[in-house]
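**Q** Take this structure first; my questions come after.
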């Protein structure tokens with residue numbers, strides 16, 4: 001060994017000999033130190049999600065538009081800005097916690113109002129108002145200590161020490177943010193008047209930058225400054241007429257100072273974004289897939305939690321709304337915006353325009369923050385800190401902003417070749433790629449967007465042909481690689497593991513699909529079924545269509561369940577009766593109820609004398625037929641029987657609205673019998689009516705849905721699900737056959753070796769990205785000729801010898 005130190009070896013042995021828990025703590029601390037910058041970002045975003053105020057809004061915007069865009073890392077100025085701003089925010093929040101402020105006297109009443117000014121600003125009085133700010137300040141100081149330990153805290157000051165600054169009242173000399181840049185600002189000469197302001201903007205750089213450019217041209221304007229001072233001196237020893245000109249000169253000097261102050265803010269920002277768009281060196285990376293996944297997660301959050309972005313949380317899920325042919329406005333707006341941003345992001349990725357990505361990033365950062373923290377609370381009528389779904393959506397969008405800033409800082413890749421799932425040839429990529437192609441319209445939309453925003457000489461049909469051939473060849477390549485990894489010797493039969501594993505699984509799947517309805521209906525009653533006991537059993541006997549002569553009902557204690565001994569005796573009484581036992585197999589003891597009915601009718605027989613005489617004549621005529629009708633009724637009800645709120649949808653089936661009922665329970669009603677000297681009747685009354693009335697009555701609210709106009713009735717009659725099933729899926733089937741059916745019509749499917757064809761497709765992608773469009777046409781013609789010539793295809797797909 002070239003270097004040996006006993007103390008270092010002892011230290012290493014001591015470290016290795018520590019308990020695993022302690023080693024895990026060391027590793028977590030080292031991870032925290034290595035990612036202290038990301039910890040600060042996370043704490044700042046978390047603080048803003050909890051507080052959701054204008055005070056905490058500034059730092060997240062600075063993170064996404066300044067810190068994460070800085071190369072190679074955020075400057076000392078940013079961290080000092082964050083530290084000082086956090087300290088000032090803590091002091092401001094503490095100052096406004098005193099009770100003598102008028103808005104602090106009714107905190108319980110105003111704490112949940114989203115548009116209450118103290119809540120928007122972030123100066124409301126509350127418990128733990130400064131906890132997250134202190135954690136944020138602690139994280140910032142921790143990161144500051146890490147930078148100082150590595151000597152990176154004063155790096156910016158050392159880099160700027162070589163620049164010579166002249167008198168700032170009359171002259172401003174600015175250099176580029178990155179050292180060694182040939183595109184630095186040359187000079188800014190500010191004289192007393194507006195006419196003497198000269199600004200030299202950065203020179204435009206060529207496509208290939210010279211890395212050897214190390215000198216920065218700085219021009220001194222001492223001569224102009226001296227002449228300016230001489231001009232000012234001439235204004236003092238002159239007459240009153242000249243003094244008027246002197247006042248005009250002073251006004252112009254004031255305007256020039258205002259322009260100077262404006263340029264002090266504008267020029268560094270302009271230079272920052274200019275250096276970002278035109279970097280000297282570009283560490284090209286590709287995180288589009290991660291950005292797409294973040295957008296997809298946000299899309300899923302919108303679909304399953306759209307009620308959190310609407311008013312009053314009208315529905316619990318999207319399926320219930322779609323089943324009633326309703327499209328919530330909040331869901332529609334959020335989905336369209338989310339999908340539109342994904343399309344724009346794809347277009348910027350294909351065009352590889354960093355400037356467009358920077359503009360898109362700025363618009364999204366300001367737009368989403370304005371929407372989430374100023375518009376959405378007014379729409380939902382609740383604070384952002386109380387909307388968990390919106391907080392989750394915002395956090396995922398912050399991850400997208402971070403990835404987007406990293407993409408801008410590193411630059412877009414110079415070549416976009418194929419699908420990200422086609423980088424490896426294994427089962428995982430194969431099944432993921434096939435699943436990607438099964439998503440309706442996703443493959444078609446991607447192919448058309450790639451053709452629109454990519455420079456090419458191919459027509460749309462030719463482009464689709466290449467994409468389909470490439471997809472087909474990739475799938476064949478994955479299968480060929482799997483055959484190489486798990487070779488099958490020639491002449492040997494398939495193993496039982498493969499036959500019963502793959503074949504058996506397919507057989508079981510097909511059987512389950514064929515017999516699923518019967519299996520489902522059987523299991524839903526026998527396994528998951530719930531006993532529904534009757535609450536009322538009534539019997540009525542009628543003679544020949546006249547008034548009933550007997551009416552009796554049984555309720556409550558007159559309806560009894562069988563005990564185990566009675567049930568056993570009941571089954572034993574049918575021993576030997578195969579049909580009866582087969583019927584009883586489907587019922588358990590708790591499914592059987594015994595009703596005890598009284599022999600005496602519980603109602604008087606009311607019939608007119610003519611009908612009574614006619615019925616007697618019919619009974620005494622033995623030659624004529626006379627009917628006897630026995631009817632029974634088994635009634636099942638709920639404890640709360642009156643719905644109170646009824647929804648009348650576009651179809652004929654009216655439904656109770658459970659969302660408007662207290663605890664989803666129906667209303668109670670009272671039923672009473674009123675009698676006078678010779679008449680009787682029943683009276684019903686509803687309890688808990690909205691409109692208190694003195695007399696007995698029932699109250700009902702009906703909500704009617706809007707219906708479609710008659711001219712569109714033929715489409716609206718299908719409903720949303722019907723349209724998707726009968727129109728969209730059918731059209732999607734034809735479109736899919738157009739996009740994926742080209743390769744299936746080619747003569748050869750079994751290709752032993754597809755490496756050469758796959759390389760030809762990759763070469764087409766490569767020359768297209770490099771701008772060799774004539775060569776793209778030649779390679780495409782070669783690919784088409786290859787598929788038109790079976791003999792050539794055989795030669796190209798032979799196994800390599």
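FYI, residue positions are counted from 1 along the chain as it appears here.
Just so you know, glycine gets a Cβ as well, placed from its N, Cα and C.
Automated prediction, rather than curation, is the source of TrEMBL annotations.
Grabbed the feature section from TrEMBL, which reads as follows:
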| type | residues | note |
| --- | --- | --- |
| COMPBIAS | 213-227 | compositional bias 'Low complexity' |
| DOMAIN | 34-154 | domain 'Piezo transmembrane helical unit' |
| DOMAIN | 285-522 | domain 'Piezo THU9 and anchor' |
| DOMAIN | 637-799 | domain 'Piezo non-specific cation channel cap' |
| REGION | 155-182 | region 'Disordered' |
| REGION | 205-229 | region 'Disordered' |
| TRANSMEM | 14-32 | transmembrane segment |
| TRANSMEM | 39-66 | transmembrane segment |
| TRANSMEM | 78-96 | transmembrane segment |
| TRANSMEM | 287-310 | transmembrane segment |
| TRANSMEM | 330-349 | transmembrane segment |
| TRANSMEM | 358-380 | transmembrane segment |
| TRANSMEM | 392-412 | transmembrane segment |
| TRANSMEM | 424-440 | transmembrane segment |
| TRANSMEM | 460-479 | transmembrane segment |
| TRANSMEM | 500-524 | transmembrane segment |
| TRANSMEM | 712-735 | transmembrane segment |
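I would like each feature placed in context: is it buried or exposed, what are its neighbours, and how far apart are things?
**A** Note on the transmembrane segment (14-32): residues 39 of its chain, located 6 or more positions outside it, place their CB under 8 angstroms from a CB of the stretch.
Counting residues 6+ beyond its ends, the transmembrane segment (39-66) has Cβ neighbours under 8 Å at 32, 74, 78, 81-82, 85-86, 89, 92-93, 119-123, 132-133, 135-136, 139-140, 142-143, 272, 361-362, 365-366, 369, 373, 383-385, 391, 394-395, 398, 401-402, 405 in the same chain.
Within the same chain, residues 316-318, 328-331, 334-335, 338-339, 341-342, 345, 349, 376, 379-380, 387-390, 392-393, 396-397, 399-400, 403-404, 406-407, 420 sit at least 6 positions outside the transmembrane segment (287-310) and bring their C-beta atoms closer than 8 Å to a C-beta of that stretch.
Outside the transmembrane segment (392-412) by six or more residues, the chain places 41, 45, 49, 60, 64, 68-71, 276, 279, 282-288, 290-291, 294-295, 297-298, 301-302, 305, 349, 352-354, 357-358, 361, 364-365, 368, 372, 384 with a CB less than 8 A from a CB of the stretch.
Using a Cβ-Cβ cut-off under 8 Å and counting only residues 6 or more beyond its ends in the same chain, the transmembrane segment (460-479) has close neighbours at 418-419, 422, 425-427, 429-430, 433-434, 437, 447-448, 450-451, 739-740, 742-743, 751, 754-755, 757-758, 761, 764, 780, 783-784, 787.
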**Q** Sequence-remote contacts (6 or more beyond its ends) of the transmembrane segment (358-380), Cβ cut-off under 8 Å?
**A** 52, 57, 60-61, 64-65, 114-115, 120, 273, 276-277, 308-311, 313, 330, 341, 344-345, 348, 387, 390, 394, 397, 401, 404-405, 408
**Q** Looking only at the domain 'Piezo transmembrane helical unit' (34-154), what are its DSSP counts of helix, strand and coil residues?
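**A** Reading the DSSP string over the domain 'Piezo transmembrane helical unit' (34-154) gives 82 helix, 0 strand, 39 coil.
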